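Among the features that TrEMBL reports, transmembrane segment is placed at 17-40, 128-147, 153-173, 180-202, 249-268. Here TrEMBL flags 47-171 as domain 'Phosphatidic acid phosphatase type 2/haloperoxidase'.
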Amino acid sequence: MGSVPVWQKYHHGCLDAFFSGLSCVVSVPFYTAFLPLLFWSGHGKLARQMTLLMAFCDYLGNCLKDVVSAPRPSCPPVRRVTATKDEKENAMEYGLPSSHTLNTVCLSGYLLHYVVTYTRHSDASMQFAGIAMVGLFVGLIGLGRIYLGMHSLVDIISGLAFGLAILAFWLNVHEYIDNFIVSGQNVTSFWAALSFLLLFAYPTPELPTPSFEYHTAFNGVALGIVSGIQQTYHQFHHDNVPHIFTSQLMIPAFVGRMLVGIPTILLVKFCSKALAKWSLPIVANTLGIPIKSTSYIPALTASNSGKKSDETRQPGYLQKAFPLLPPGLV
């Protein structure tokens, strides 16, 4: 058994709590709360760009993880801290690149770009302060992932490099994407086709991981956002909607949106999951479709008649995109 890495020889309960809490900033519960706040604040362009950028990062980062299939640091000797359910699920993924680092670079970098552009700050000192804050935040996220035993230094560096490349690319194309979404033709049908294409284009990892499920979920979010904005842009998402901290949208009104919106989101999320878990097994059993059981929907059982080699092999692209198809068809 190897020795404990140098960066893990110094640990404390306060540091465990601090870095675990910091990691939650790049998590599903955070996105569930933060991205709607951007819409409700009147910054619709920022909200839709951050959502699409997050989906883009999630797809590319998870693809690279499953292509490389580089394991996380061995535990033991590494001391791994998984304080939340999300962290325990994240630990089931491969390690390179660090998704937390990659996503933090892209989202905080784009947020800084939007703030500088929206406020039209030309003061070099203010811009430097913003860059320094983003750099500090990204550094703390990366350090925290190493401290928690979730990533190696190589994972963090690769996440940083890949994130900077994605951010540079997005800053060059985001205006074209936004113009297409709000005023293009056949936007919904195009995005639906793109979403299905991305499901088929996802690589098969060496061993099963939840990365594809994460991508699929955010892929659906992106499709819903694009479809909704394209159809209601002139009613709710145009540039002249009231912005927070103005006379048209005061703090009490914004808080009211939060008090109504967040419970609604959680309720819809809970009900849609429950409906899917209840209806999919019924449909599969009614149609007599043999499928493999999953941790997400335990009621879906696999056929016991298959050979052992069929049970242990990795699912193909068609099985990933359409898990209800009979194995013989894929």
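Including glycine, each Cβ sits where the backbone N, Cα and C put it.
Automated prediction, rather than curation, is the source of TrEMBL annotations.
Keep in mind it's a predicted model, so treat the numbers as computed, not measured.
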Counts of helix, strand and coil residues, the domain 'Phosphatidic acid phosphatase type 2/haloperoxidase' (47-171), according to DSSP: 92 helix, 0 strand, 33 coil
Confidence summary for the domain 'Phosphatidic acid phosphatase type 2/haloperoxidase' (47-171), mean pLDDT rounded: 86
